[in-house]
Amino acid sequence: MKTLYSLRRFYHVETLFNGTLSLAGRDQETTGFAWWAGNARLINLSGKLLGAHVAHAGLIVFWAGAMNLFEVAHFVPEKPMYEQGLILLPHLATLGWGVGPGGEVIDTFPYFVSGVLHLISSAVLGFGGIYHALLGPETLEESFPFFGYVWKDRNKMTTILGIHLILLGIGAFLLVFKALYFGGVYDTWAPGGGDVRKITNLTLSPSVIFGYLLKSPFGGEGWIVSVDDLEDIIGGHVWLGSICILGGIWHILTKPFAWARRALVWSGEAYLSYSLGALSVFGFIACCFVWFNNTAYPSEFYGPTGPEASQAQAFTFLVRDQRLGANVGSAQGPTGLGKYLMRSPTGEVIFGGETMRFWDLRAPWLEPLRGPNGLDLSRLKKDIQPWQERRSAEYMTHAPLGSLNSVGGVATEINAVNYVSPRSWLATSHFVLGFFLFVGHLWHAGRARAAAAGFEKGIDRDFEPVLSMTPLN
């Protein structure tokens, strides 16, 4: 086993630019990497790489704490969260902290506590990162073999994978415990317009939970993004947490099978590429979730979804014109279809007009008006509550549209306001990050496969055109 632990610091990949610049005593000659290649110099220095990762975690947690406190400092309780450009407080509110019926914020102290806790823990991580980057041992293999590793040691790598899976499983169960025992979470579907409640009757049926994975991603199906009750979400986290923990134990106790040893590339850069690929998938899924799902991301905090704002507009004008005497059941629109109501391809009664394309929207302010065959005409005439009118009017004017210069709303609207929905920001940012992570996955996967095949040499420097040109200066 000891033969794996090599103190060789040179990792043979050709690098660009000059090697004369020495940074922190690590120049290109000793490490095989130029200054700009950053942590690549630490590939075989497990102690220093630990420092880089812990310091990075410290930066992440510091951002979370500082941004959290910034949002608390700027928060105005009289305005909805989505009008204030907030992206962290909506997550805390969704977890049931500081909010009451209808998503109204009744206490900002839990948000303050969250920010301070993150700041304090970021200081601990920052200290640990600096310690391991500058003072701690360069390599962990000799002094702390449990924390040491060599990238090609397949058994150790799957053990580390197992530990990570167990930690992810514990994270999933933290949400379950919050929903079950520690005050509950915010349920946008609670009667009368949403409230915080404990989730007692979990959905644990595998046919339901895994049925989401087998659904089509299109239209009214919507794959896992179509989940619309908290029992399914929390039950899904029970399943996910259990699978992650059991899978983690499995990977700690077992060694990779022969087919896995043959199929995968076993190097640091290969693991980096696998991780980037996984993060890319997470980014794309998160993008779709925050854009379409108003249960995991309640509209009270994140603003309405696109389809929701569109349906809200149709509903608002149906209410107005019905009050003015229109017969909404039979009024004909300019196309010959129903002006307010029409039938979907499968026969349900739906809102007419341009919003017909969003007919499969489900939203808590609208569902009480549906019957067995779609929207119920008698309920539309008799049962519309003031809170439904208020909420749809609010959502109609806060569609998740907007440009980078923060002039929100429909581009042709002359009375545009400075409003960009957090859904727009979160969906766009996660799509862009997911894309770049995917490109990074392809890049590092290509390099890792080439290195494993033995032809990672970069460009042949002997015949590079620039060598025969006169210096720029």
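Cβ atoms are placed via backbone N, Cα and C, with glycine included.
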Report task. May I ask you to indicate which of 17-39, 178-200, 201-223, 408-430 is given in Swiss-Prot as transmembrane segment? Result -> 178-200
**Report entry** Range annotated as transmembrane segment - as stated in Swiss-Prot, picked from 134-155, 354-375, 376-397
**Finding:** 134-155
Query raised in the report: What range among 45-65, 255-275 does Swiss-Prot record as transmembrane segment?
Result: 255-275
Query raised in the report: Restricting to the same chain and to residues at least six past its boundaries, which positions have a Cβ under 8 Å from a Cβ of the transmembrane segment (291-312)?
Result: 80-83, 89-90, 93-94, 102-103, 186, 188-189, 194, 222, 225-230, 233, 351, 354-355, 358, 360-361, 363-366, 391-396, 398-401, 421-423, 426-427
Requested in this report: Tell me, please, if the transmembrane segment (134-155) and the transmembrane segment (255-275) are in contact, taking contact as 3+ Cβ pairs under 8 Å between residues separated by 6 or more positions?
Outcome: yes
Report summary line: Excluding its own, the Cβ atoms lying within 10 Å of the Cβ of GLU367 ([CaMn4O5] cluster binding site) add up to 11
Requested in this report: Please indicate, using numbers and ranges, the residues of the same chain that are 6 or more beyond the transmembrane segment (255-275) and have a C-beta under 8 Å from a C-beta there.
Outcome: 43, 151-152, 154-155, 157-158, 440-445, 447-449, 451-452
